[in-house]
Amino acid sequence: MIRLLQAALLFRVRTKPATPSVHRAWVEINLNHLEHNLLALKQALPSRCLIMAVVKANAYGHGSAPVAQFLNRIGVNHFAVAEIEEGIELRKHGVKGEILILSYTSPGRVHDLSRYRLTQTIVSAEHGQALNQCGRKLKVHVKIDTGMNRLGEPYVNIQAIRSCYEYEHLHVTGTFSHLSVSDRVEPEQTAFTNMQVDRFMNVIQQIKAAGHNPGDIHIQSSYGILNYPMIDCDLARPGIALYGLLSKEDDLNLMQVKLRPALSLKATVAQVKDVRAHCPIGYGHKFIPSHDIRIAALTIGYADGVPKTLADRGGYVLIRGQRARIVGNICMDQLMVDVTSIEGVEHGDTATLIGQDGAEVITACQFAKRCGTVTNEIVSRIGSRVARVYTS
Ligand SMILES: *Cc1c(COP(=O)(O)O)cnc(C)c1O
């Protein structure tokens, strides 16, 4: 209770918005669910393994500073972001602990890396050499490519990998790799994942044998935790699962970890109007009703992260606990829904695009599937002008 109170003061966490909301379009983030997911993931892992919370891309749309501040308060001390500006943003908001930049940073930014006490990934031995030549003390994690074929020094280049631990100005505090098919558990994919883990552990052994300290080792992201929790590492890097989501609706989750989605996406009914049969609705006359229809215009559009394709694939929203189909083209700032069969809809009503309203729920996974993509893409593209409201 006290902690929630403190959280409320610290992050100006607002309680459930009264109806009608003052926001145009907003996401509600349930911090209790975030905490639940954190504990559930921790429980699945060996007890010594700590969570490195991945808060890149505005914490997958959840708001990186408030999310990281909250996680800081409940004991998380390791964070990962994609790029340097995201790390600086967290420090400016007082986030403590290690902040690892997962992707490439130009050696031209070493001043900011050190000023904001950010930990940089060495994406290749060459990158390490260039960073060292800048002559500033930097904390780094060494990235090993064990089969993803994206970033990292290839696992076979042991000499090059060892060189990363020998630079005068670089302090290696971690060594990591990334799994490319840990979301799948068929024999072929499991064999590949196990091979990646073996390659990684083998490199770690060789680093140690050469008298170097690999620091904290880590290889699992969300699906690595959910499907391969027994891997023995110091850290694990969940992103999507921390937010209570799977990437795809029908994905397996071998550990049966019970996740709770933290995010709902909502907008307001701006206007309700009756439209006669055969009168075209919206841009391009894409929708022409065959009968009289009642339309509600909602205060959210594709600039807020609602893909235009949602309209073509039977997308709907929830208003007054009922489904209202999206009609016509989704606009940049608005979209229209059919509320003919919903009693009493009026301006100021709340429309739910992701989340629960009465007995009806639209999950982020369902929303993503309908748009032909993964949940990660949908939540990370929720627009910057969408308000973030935190509840607990
Ligand atoms: C984004 C990312 C993660 C988190 O991935 P999820 O699948 O969202 O858990 C972990 N590690 C790296 C290197 C990443 O780029």
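Cβ coordinates are placed from backbone N, Cα and C, and glycine is handled just like the others.
Quick look at what TrEMBL lists:
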type     : residues       : note
MOD_RES  : LYS56          : N6-(pyridoxal phosphate)lysine
ACT_SITE : LYS56          : active site, proton acceptor
BINDING  : ARG150, MET332 : substrate binding site
DOMAIN   : 262-391        : domain 'Alanine racemase C-terminal'
ACT_SITE : TYR283         : active site, proton acceptor
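Around LYS56 (N6-(pyridoxal phosphate)lysine), a 10 Å sphere centred on its CB holds 19 further CB atoms from the protein chains shown.
For the domain 'Alanine racemase C-terminal' (262-391), the DSSP-based tally of helix, strand and coil residues reads 23 helix, 51 strand, 56 coil.
The Cα of the residue listed as 'N6-(pyridoxal phosphate)lysine' lies closest to that of ARG150, out of the recorded positions ARG150, TYR283, MET332. Neighbours of MET332 (substrate binding site), defined as other CB atoms within 10 A of its CB across all chains, total 10. In this structure, LYS56 (N6-(pyridoxal phosphate)lysine) is part of a helix by DSSP. On a Cα basis, TYR283 (active site, proton acceptor) lies 41 Å away from ARG150 (substrate binding site). Summed and averaged per residue, pLDDT over the domain 'Alanine racemase C-terminal' (262-391) gives 97.
Its Cβ placed at the centre, ARG150 (substrate binding site) has 11 other Cβ atoms within 10 Å.
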